[in-house]
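**Student:** Just passing along the structure, written as structure tokens.
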Amino acid sequence: MSLRNGQHYLAIPGPSVMPEAVLREMHRSAPNIYEGELVDLTDSLIPDLRKVARTQHHVAIYIANGHGVWEAALANVLSEGDTVLVPATGRFGHGWAEIARSLGVKTQMVDFGRQSPFDPAQLEQVLREDTEHKIKAVLATHVDTSSGVLNDMAALRAALDATGHPALLMADCIASLGCDRFEMDAWGVDVMVAASQKGLMTPPGVAFVFFNDKAAEVRRKMARVSAYWDWTKRAAPEYLYEYFTGTAPTHHLYGLRAAVDMLMDEGMENVWARHDLLARAIWVACDAWGQGGPLTLNVADPAHRSRAVTSLRIGLPYGPKLRTWTEQNAGVTLGIGLGMFEKDDPKGQGFFRIGHMGHLNPQMVMGALGAIDMAFKAEEIPHGSGALEAASAVIAAG
Ligand SMILES: *Cc1c(COP(=O)(O)O)cnc(C)c1O
């Protein structure tokens, strides 16, 4: 007998669950790309995307995944031979640095490991020592999706300001946008990258570079930017094709419009509050399981944890057993560990992640937690009791 039929829940940190409203909007025949509805719909997205990112400034849309906008953002403000400072708090920080190096940009890495946020005071010291201002930008991951670490962007801005360093502050919000509070303008972020398939609840395939006037000025002084990556026309198009330097991602735009409507209807404050409550329910459940077994939250301090993704260590052989059981018997797919290799676990299979981003409510969270609880019992993995009661109490308290 298999119990897995019924609605499947992909509880990984992207792609996230797509709302029915998004899927319905995408299910249509090809629209006119020269005039009419799609043109108006695309124009209408821009002010709302700004509201999601909490910025008054510019946004360029790319037909790309997160890696694509990693490159797009760098290509507009950095040239071969330039230096960037990269505070890494997990696999994704290193990933952005790898793209930078592939463009001939030198990366000055400060590695904060895989369990803690970056330390703004330490970064301030590094910036202070750069008296010649060789560092052109700081590439900072807001939420590192591998470790689940949440970093303090406002504190990093304060560190830059304290030293008077002119480097651009560039933020990777691919995991966090629409999940964890992010305030681009108030926090002084100059460039921010995001993608459709996480908090924005739309299939992978469109991604965004937000940038302010300071970054636009850096772009203007660049000797050369690829005509495809150039954000100038994309952020100020006359014709639909100029948004995308070519054919529009027609169906993604319809889906994205529906997803952004949902965010606007709910309100960003409420979106963040919902993610916060659901994340806290997951954490108390994990704490309870951990009381009587090997499960531990990767980030000890809740203040430094993302509300979009939780990274957990359970060790071998339990990690694969747990994930396989929930997928095959309960219709819940959990995320694998990413970049979390250890000496006795070279593939990091003792880690797993729960994605809790986007289109998510208490019954889904309790369902996923229930599936994990069942897997503990079915696979006889040592664990503490009371996890589901604790999670239920957190949500009930609101
Ligand atoms: C998902 C993610 C990426 C990479 O996005 P892809 O769409 O897989 O290229 C980069 N950074 C962060 C923080 C992410 O969560």
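Including glycine, each Cβ sits where the backbone N, Cα and C put it.
Dumping what TrEMBL says about this protein:
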| type | residues | note |
| --- | --- | --- |
| DOMAIN | 74-282 | domain 'Aminotransferase class V' |
| MOD_RES | LYS198 | N6-(pyridoxal phosphate)lysine |
| BINDING | ARG353 | substrate binding site |
**Student:** Out of LYS198, ARG353, which of the recorded positions is least crowded by other Cβ atoms within 10 Å?
**Tutor:** ARG353
**Student:** Could you please provide the mean pLDDT value for the domain 'Aminotransferase class V' (74-282)?
**Tutor:** 98
**Student:** Take the C-alpha atoms of the residue listed as 'N6-(pyridoxal phosphate)lysine' and the residue listed as 'substrate binding site' and report the distance between them in angstrom, rounded.
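**Tutor:** Computed Cα spacing between the residue listed as 'N6-(pyridoxal phosphate)lysine' and the residue listed as 'substrate binding site' is 14 Å.
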